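Annotated transmembrane segment per TrEMBL: A:6-27, A:34-51, A:57-78, A:99-123, A:129-147, A:168-185, A:219-238, A:250-279, A:299-317, in sequence order.
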């Protein structure tokens with residue numbers, strides 16, 4: 001790991017640890033919850049960055065893999081005596097298998113990766129608008145499967161009884177690991193080639209870059225992140241339904257990445273922090289305004305509207321996001337040299 | 001420096017903001033927290049419940065409060081999203097809530113009860129009726145004010161088969177939530193046990209807004225059913241019933257407490273709102289309970305209009321049930337209040353209520369109100385109690 005990359009990594013680790021410790025020791029359980037969800041979102045955003053940032057292809061399917069990770073891991077951790085009540089139609093083969101939550105989260109991540117490996121290969125031959133639209137179609141297909149495969153997901157209804165296993169430490173550790181992998185992947189041979197394809201598909205292809213294979217690798221890695229985050233999320237939230245893995249979450253994660261800057265790992269992390277804090281501040285404002293009844297009506301949807309406006313503003317003013325092209329470490333070194 | 005400086009400033013700002021919003025706990029008040037949904041699909045049931053709960057809190061405070069302390073109700077909009085409901089429950093418990101009012105449904109309300117259980121306090125759902133809303137799946141301090149769907153479905157089946165002599169039924173099940181699925185399951189089971197015949201079971205999914213495929217199957221039946229049982233939710237419930245009535249099918253329609261919604265009566269109107277019967281929680285009139293008139297007056301004084309659904313009574317009852325149990329227990333301690341709830345019978349606007357113990361799931365023992373819709377207007381047909389009911 002070179003110097004600049006190390007600085008970037010440290011710059012990501014410091015705020016993660018700071019938020020983790022602050023959340024842990026300030027004594028507000030709500031804050032700890034927000035911080036844990038922030039770390040899980042960070043893993044999702046980093047996963048999306050690994051594919052989208054390097055390949056330049058917008059992917060809507062990311063959250064579907066989070067769903068696969070969540071459902072797969074939960075299947076193995078719901079206590080046996082509760083399983084009949086939660087999933088009355090579960091396949092008999094799966095009924096007696098009980099794993100520790102950590103093993104189950106790993107299984108969920110691998111399952112998401114395998115599904116991605118299977119479905120993505122043909123899709124990765126597509127570019128531009130066609131690739132974006134097929135990824136959206138993939139999200140819809142996966143969502144429909146989750147809604148209707150009652151045997152393992154309990155249909156559109158709540159899946160409950162998932163034991164709580166994700167702590168703030170585990171989530172923070174996962175986020176740091178994800179940042180490390182994303183940074184490494186970006187500078188790896190595959191990452192560099194993928195970015196070459198992004199910048200000039202024809203030129204890179206002429207030099208012998210196998211573009212569909214490169215994109216496939218990026219996509220599979222990104223699904224691994226998403227599946228891992230899904231498992232962590234499921235074992236944090238403990239009861240959820242397929243609608244949790246659909247458009248709303250997709251746009252939150254995309255918003256974080258686009259605002260922060262899809263091209264860089266630093267941008268992905270910054271976007272996650274900025275959007276989370278803005279979201280929570282707006283939600284607190286919304287609740288405070290509503291409970292103090294400043295307005296004669298109830299304020300609804302302030303958070304969503306402001307996030308959408310922020311996304312538009314960022315796209316107009318800085319189309320590449322807050323940190324567009326250069327990782328924080330490189331900027332820091334230039335700045336040091338100048339100063 | 002944008003990166004680190006910006007982030008640390010944000011962290012500080014957020015920490016500061018949290019400090020301001022986290023309210024100081026006062027010694028002289030008992031906080032009841034809620035995560036009832038004021039927006040989304042759950043709002044028609046929850047908003048009414050919240051309004052009723054507000055009336056109850058004011059009434060109790062006017063009589064001197066509870067255990068000598070004032071009661072304060074804090075509700076944060078759960079937005080008909082189970083994850084938000086869970087977050088909000090944690091938030092109100094954080095603000096000092098000692099009792100939790102959970103939304104009126106297992107899928108939407110369960111997360112609030114789970115968080116209440118984690119904090120070792122009592123949580124009561126205003127009207128969740130799925131048997132999953134039990135101490136088995138949520139914990140030994142969690143209750144629902146409503147009868148279970150076993151009772152709701154059985155009451156509907158007995159009314160259809162025994163009182164009206166309807167022998168064949170067509171059943172539509174919305175796949176949407178546990179409530180809609182289990183209600184028709186228990187209706188079907190009990191109707192068959194009584195000797196009735198279910199000619200066709202069909203599925204629907206909330207949000208589809210299109211009932212034509214099911215309607216075609218219904219019309220293709222060689223023999224017309226005596227009764228149609230629809231287990232769904234507003235807003236699509238209105239669409240389904242209209243679709244059936246619009247093609248001239250006048251077969252009686254039956255359902256559960258989700259029919260008790262003024263927007264359904266409006267959607268059906270005089271033309272389509274006939275021969276519809278449902279099993280609900282209570283009736284907003286003196287026929288249902290001698291104290292109902294008093295409640296309606298208090299409600300009018302506080303909210304400026306007559307209650308338009310009986311779900312307001314579930315909110316009032318939830319708070320009154322909590323207050324009576326706390327009084328018996330002498331404290332708001334979760335285990336003591338849960339014990340008081342298990343061991344006593346309570347006289348409420350939604351009927352007399354007692355619970356089984358935690359091993360038996362906190363099964364509510366309660367009467368059901370039977371309501372008919374005719375000319376687009378609901379009317380009370382009396383209290384019913386199913387002679388037997390299927391096992392959950």
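Each residue, glycine too, has its Cβ placed from N, Cα and C.
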**Asked** Which listed stretch (A:6-27, A:34-51, A:99-123, A:168-185, A:219-238) has the most C-beta pairs under 8 A with the transmembrane segment (A:129-147)?
**Response** A:99-123
**Request:** Select the range from A:6-27, A:34-51, A:99-123, A:250-279, A:299-317 that forms the most Cβ-Cβ pairs under 8 Å with the transmembrane segment (A:219-238).
**Result:** A:99-123
**Fill in**
Ranking A:6-27, A:34-51, A:99-123 by Cβ pairs under 8 Å to the transmembrane segment (A:57-78) puts first A:99-123
**Request:** Report yes or no: does the transmembrane segment (A:250-279) come within contact of the transmembrane segment (A:6-27), defined as 3 or more CB pairs under 8 Å with a sequence separation of 6 or more?
**Result:** yes
**Request:** Could you give the residue numbers and ranges of same-chain residues that sit at least 6 residues beyond the transmembrane segment (A:168-185) on either side and whose C-beta is under 8 angstroms from one of its C-beta atoms?
**Result:** 1, 5, 8-9, 12-13, 16-17, 19-20, 23-24, 32, 35-36, 39-40, 42-43, 46-47, 49-50, 54, 191, 218, 221, 225, 228-229, 232, 236, 265, 268-269, 327
**Prompt:** Short question: which residues 6 or more past the ends of the transmembrane segment (A:34-51) have a Cβ under 8 Å from it?
**Reply:** 16, 19-20, 22-23, 57, 59, 62-63, 66, 166-168, 171-172, 174-175, 178-179, 181-182, 185-186, 215, 218-219, 221-226, 228-229, 232-233, 236, 252-254, 256-257, 260, 262, 264-265, 267-269, 271-273, 276, 280
